[in-house]
Each structure stands twice: as structure tokens, then as C-alpha cells.
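Enquirer: Quick one: the structure is below, questions incoming.
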């Protein structure tokens, strides 16, 4: 069984880079905006920075959180949240990613919120993905590919995945229990194959399997902001070799 990735936050040596990326991104927020809040350690820093602006500048905005964890943090720092069932257009979505290839295709879902994160990105007028340089890869697949699967018939879905050449493990919590997403589903972390030259094809193939809710590939219009150890930030908007 695969374990749910643990948050390290300030113990991460790239923590200052995540903070800098978050501060750069929060400057994009303008009064009256609806802001999509991603999940994960970098999105956490963005939420904290946005909360500071709401508090110190009396910034009037609304936000939609992609996970229960992000929702609780946003509430704690005073960010007004929109009922997610009322979600329509989102002016700005800020999130992170687990991997980004040279075509800006991504793998997301290390925190288990991939389905809601992708709905936010689909609704976003402007999507900004914040990553540090470790997340840049020549080909997707170094990080496991999360697949969100409905509990009903999940063993059958796993059997079909294995027959098609996708092998992995069911994600567990640190307590050794089956990880359950905010939507009440499971996560199957695919380890093999470990390289996806054409993720669009894999995504189409996987989504045809009944019981699969969503796949961790993200092929969406988004800006990717990359933070480097030297303190620089590079903003990528289209195919760009590293």
C-alpha cells in the first residue's frame, strides 16, 4: 500500500522558494475576484499570504477551496468562502503540481484532491501553477500517477488497470487505513509505467474505465511559475525546454 504524502512545510529546504512564489502570486488578486485555492504545501503558503491581504488591506474577495484541508485553513485566516455548489467562473486559480513536463503537462493529486483541483482549473479564467525546480521533468511519470476510483467495484477496476499494464498500490493514511478523498473515493497510485510520453492518450484510455472518477494528468491552459534555488522565478506559458 502507498502512504499518503506527508506535509513538511517549514522543514522543507525549498520552503523559502514556496513562500516567494506565493507572495508573487497573491499580488495578482484584485478586489472583487473569485479565487480558486489549490491544495498542497505551496498552495498552503498562497492561502496564508491571501489571508494576510484580506486582513491587513480589508481586501474584498470570495474564494473556493479544492479540499477540506484548504477550506479549513482559509476559514482560519479569514478568507470568505463560496459554497462550492455555486461555483461557476473563477477569476484566478492558484495551485501546485507534482510534476511538469516541457509542454506544461502535469501530474497532480499527491494530496488526494485531484478531482476538485481539476474542476477549479476547468473553471479558471487564469490558472497559475506554482512549483519549485524539482518538479520539472523531461517526461511525466517519475511521480506516481494518482487515479481516483469509486469504492463500488474497486477491485474489479484494479484488475482492469492491471490487465492494461497499469500497476500500483492503494493509497493509505499514516495509520495504515485506506485513504478516502473528500469525495468519498479511493486513490490508486500507479507506479508502472513510470514514463508517459503521450499522457493525453493514457488519460483518454483510463477515463473509459467505469469506476474511475479522474486521473492525475492535467492538460489544461495554465501558466507555470517555477522557483529556483537562486531565488529567481521563471514564468512559463507555452512549450519551453528547461
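For all residues, glycine too, the Cβ spot is worked out from N, Cα and C.
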Enquirer: Among 20, 125, 135, which residue shares the substrate site with 39, 40, 41, 42, 95, 96, 97, 98, 108, 109, 110, 111 according to Swiss-Prot?
Expert: 135
Enquirer: Sorry to bug you, but what's the C-alpha spacing from residue 117 (active site, proton acceptor) to residue 97 (substrate binding site), rounded to the closest Å?
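Expert: Computed Cα spacing between residue 97 (substrate binding site) and residue 117 (active site, proton acceptor) is 10 Å.
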Enquirer: Taking just the CA atoms, what is the gap between residue 135 (substrate binding site) and residue 117 (active site, proton acceptor) in Å?
Expert: 18
Enquirer: Judged by the number of other CB atoms within 10 angstroms, which among 108, 135 is the least packed of the binding-site residues?
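Expert: Result for the binding-site residues 108, 135: minimum number of other Cβ atoms within 10 Å at 135.
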Enquirer: Around residue 110 (substrate binding site), how many other C-beta atoms are within 10 angstroms of its C-beta?
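Expert: So the Cβ neighbour count for residue 110 (substrate binding site) comes to 23.
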Enquirer: Out of 39, 41, which of the binding-site residues is least crowded by other Cβ atoms within 10 Å?
Expert: 41
